[in-house]
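Asks: According to TrEMBL, the domain 'ABC transmembrane type-1' annotation covers A:66-258. Residues annotated as transmembrane segment in TrEMBL: A:70-94, A:101-122, A:134-152, A:186-203, A:239-258.
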């Protein structure tokens, strides 16, 4: 009983600590630009966030940006998760010689610092005509998100009992069938988690957005939001916060919807 | 089986020689493995590794963007005698330790704790929201909180603790510590979710058996849950090492590495040398050193796990 109370108190404490900064973001997005003094507010200055949102959408192409990003994030994360699940399956289940080499060959993608290959990538994109195209953006996002998804899926697949693969083999299943019928369903929660993570990563990417795109119909939403606060942006912080809040709705929703897949029925105590 | 027959067409002469079927088998297996691995490896080599090698080559030149001259390893020699580089390296080590201790440990504790209270899903959502927020909102938020007339100092003054007010971002090492806390607020949700995924792989029977044996509370957590979570712990710790070594965004947005270069991490040093000072060769050298550090750290941590099954 006592430990129950302690646990509840701890969870309340954690929630409050985490909620306070989030609260500040939301409240200050409601401040009308004219009333903004430079220091943050703790309570709503007005009930009108719509004006700030409208300003954000009309000054920068936040709406079009969100549409572009939705394509990159949904499609890019899905492709990356599939490709990485295939590779993860190969190094854990298939009889690959020296799986460690393949592991590092893919894992190295997380190791390289982003800023390192921005400039060669820009040059390469300009030469191949991929610069400022939706295909180009999609391609780099898929490549960027494979390594982490691979790492998660591989480590999850390692927990799948080997006997399952052997049984499927005895049943005459080929690798692809085994992958689709046995391992993919088992790894469902890991696949979903990596999808949500990589969707969020692509959604929130700024660096590649500002480096590799220019036109409104290619530029992702974080790059357009950056224009709001950039040198020729005249909008104040409340407008930026309002725009950022709207731009964060999809990822927050995604986490919320997928949450029940992460925790099904597992009860550790009582 | 249909798929096997379609891939069998490659070794045409398989059934003639005595050892041929064996070779055909090997061929087919290589094709299968290749088909599963190739998309991932090809994309990473072409889009990430090749551009990095271009940068590595550039580090051998004295390059200001207009003219460039081959100077061998001189950039690296200059780097290791630069006192700013030492500071930058030290900050990066702070980041690694800080984010290993805070987001990883908190993520684990919150994942387990919220599993055991009824309204845990509400708490989990609260912890995950910051991870889903965009970088521009986060940066503004922490400026709100930390600037000298910001929310934290206001609050301290209003509850009579004005003496505790600080210029949070203006002094080293306080600014690095504060920024690590800001990162903790944002990143804990991610490690929490990975641990939640890991918790699902623990068979309920294992927990039941442990409970029957009288293991509860901390004992259950430490001797049953933590060992069972090992594959996911490897992911979370591995990613934490890599990401903290590459720390860039939050420092760039809050202090630009300042005051001066006091709060710079290796990634910021590289960025400043390359894009602010246009010393492309020198910046490339920093990025090569950074990559080697990240690779070495990951290898030390993962070398056993990468081959284990």
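Backbone N, Cα and C define each Cβ position, glycine as well.
Let's see these features in context: how buried, what's close, how far.
Replies: Outside the transmembrane segment (A:70-94) by six or more residues, the chain places 102-103, 106, 134, 137-138, 141-142, 145-147, 149-150, 153-154, 156-158, 160, 165, 175, 178-179, 183-184, 187, 191, 194-195, 198-203, 220, 250 with a CB less than 8 A from a CB of the stretch.
Outside the transmembrane segment (A:134-152), and at least 6 residues removed from its termini, the chain residues within Cβ reach (under 8 Å) are 68, 71-73, 75-77, 79-81, 83-85, 87-88, 106-110, 121, 125, 190, 193-194, 197-198, 201-202, 205, 208-209, 212-213, 217-218, 220.
Long-range contacts of the transmembrane segment (A:186-203) within the same chain, counting only residues at least 6 positions beyond its ends with a Cβ under 8 Å from a Cβ of the stretch, are 69, 72-74, 76-78, 80-81, 84-85, 141, 144-145, 148-149, 152-153, 156-157, 160, 164, 221-222, 250-251, 254-255, 258, 261-262.
Here the transmembrane segment (A:239-258) has Cβ contacts under 8 Å with residues 25-26, 28-30, 33, 49, 52-53, 55-57, 59-60, 62, 65-66, 70, 73, 192-193, 196, 199-200, 203-204, 221-222, 225, 228-229 of the same chain, all six or more residues outside its ends.
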